[in-house]
């Protein structure tokens, strides 16, 4: 038997759609999908980068959070994990990397250095990566334990699921752009 | 006759040694010379075979002196493991001859001294900034530069080869394709940047730029009391943090003239060897990952996590343990810890063998690494290689054997040495070192000395917490030491340990105050990485990535 579209294979789907209904809003299901398929780009510059490797590694296994596919290309990632000290020399680079990421994009600042410069109150260290790019979640620690990183990722997932407003991102302007 | 007298006689007639000062300071031989003599003297010391290694070149700033800067050369002899420090004074607007004709490896060290102090080296072909960014104004390690004065950098340096932008190194050949790899690149480790000019897949010219993780370690050390520098040393080589703690504390202890108790020595040896193992696991794991084998990463991190578990038990921290203190350890090992280390040794041994069969016995791995970018023994010494890379090139030099400390001379272990210095040999040496480290740990753990874990000198070590909270004497002692800080006598010392990557040296100048006057780290991979453009010249692009992985570059100690 053919349906109105004339394709036989879609019969089963047609039947199913008559029997089953998902009662949800479109944006809710999109958010659910987004939060469970984060593709992190580890921007590991220093110690935190090693600790982030542990989070990806066999014991802590970030794959359980759907954030399994670590990509080192900004074009293939939607979550920038800034793991390590960002120096003044690195700041233009990370801004560019952030710009190259596709929407929707999120940023986690992992560890004391990335969040505030940490105990490097020093001439060549950027005093927090939020000076150049918008940060959604800050993870404390030097370096944070893997458990803390997971907590940070779960916090971000809650943010995505509940459509938290993100004024820091909406109002962000590239500090290196010519006015 | 001591070394200094022998040196004096050999220099007689060749140089005007009446202007020289021969000093024996805190166990080091120091030679103070006029700056005009330095290039010739270094050339002579090298060519006569007296000192074949130049370990470090650094500056020290004395703003109130007529000739403001000291330029210090640290020489080392692989024959009798003796050291010599050559010092020369240079004024504000003066320059000093370069040491590159004598020691090729002086290149980056001189650039660093220029960057940090503004000391100019005549005859250096490429004297420009190396650690700070190119828009930086001033020289940060001068005493009159504020530690907290940041200067924004707005653009990245364009691709350039060897010379200042604008000069021929900046002009790219239209026949070839310029290729920028890193920082933050799929094929590159973290903060490293390599710029290559490609003819098809072959590298015609290559240049590397560092400084993307320059965290001002040395300036931070100058602005903190001695014990507070320990957490900063953790973050030099964060793959084997405890070894940096140990190296630093050892230098301070030598300046203070104290010896730590046997138990502290044993704990330090265990910590150091465990760190060597986990450092090599990262080098091998990520190295194989760069060649396309992801399994090794997961496998190696399994071993590493178990070691971290033991660190956590020991002191509560995983990566950055800060476990040593000047004078010993921060606390004793918990009950049964040494037995757990012994149990872990069995697992590491098994894991290492399995891993070796997966990596170095693998046909693809062998084809990708054997005979690729070899470094000869002479070249390695000229560049100042130390550690596994030097030994892979066939030089049998290990400070644990050459200058034994903490009872390494009483332990039974071998130093693996390679033959060709290619990438394959480097991994073979690392695997064998892991096995030897297990041997060392087992020997120490089976025979842990009793006694205290730290010295009890009230001017150096904080009292135990029960005394601080329990009696007035302990409280006052704690208060005084926190407020006043521990104060080593005026003097200077260079002390080196065999870290996972090679010789980790600390040159420490004390003016008698609570902060180090100058602390210079000699990081092993700084000397190694400067040879990279030469090593990969003419190689394929994929080989260059394999080379960078085998060098095990840790940006924290490379850039400091």
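Placed from the backbone N, Cα and C atoms, the Cβ positions cover glycine too.
Quick look at what TrEMBL lists:
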| type | residues | note |
| --- | --- | --- |
| BINDING | A:47, A:48, A:113, A:142 | [4Fe-4S] cluster binding site |
| DOMAIN | A:47-156 | domain 'NADH:ubiquinone oxidoreductase-like 20kDa subunit' |
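Feature map: annotations from TrEMBL on the structure.
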residue	record	Cβ neighbours (10 Å)
A:47	[4Fe-4S] cluster binding site	26
A:48	[4Fe-4S] cluster binding site	31
A:113	[4Fe-4S] cluster binding site	31
A:142	[4Fe-4S] cluster binding site	19
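Contacting chain B by the Cβ rule (under 8 Å between Cβ atoms), the binding-site residues A:47, A:48, A:142 reduce to A:47, A:142. Under the three-state DSSP scheme, residue A:142 ([4Fe-4S] cluster binding site) falls in the coil class. Residue A:47 ([4Fe-4S] cluster binding site) falls within a helical segment according to DSSP.
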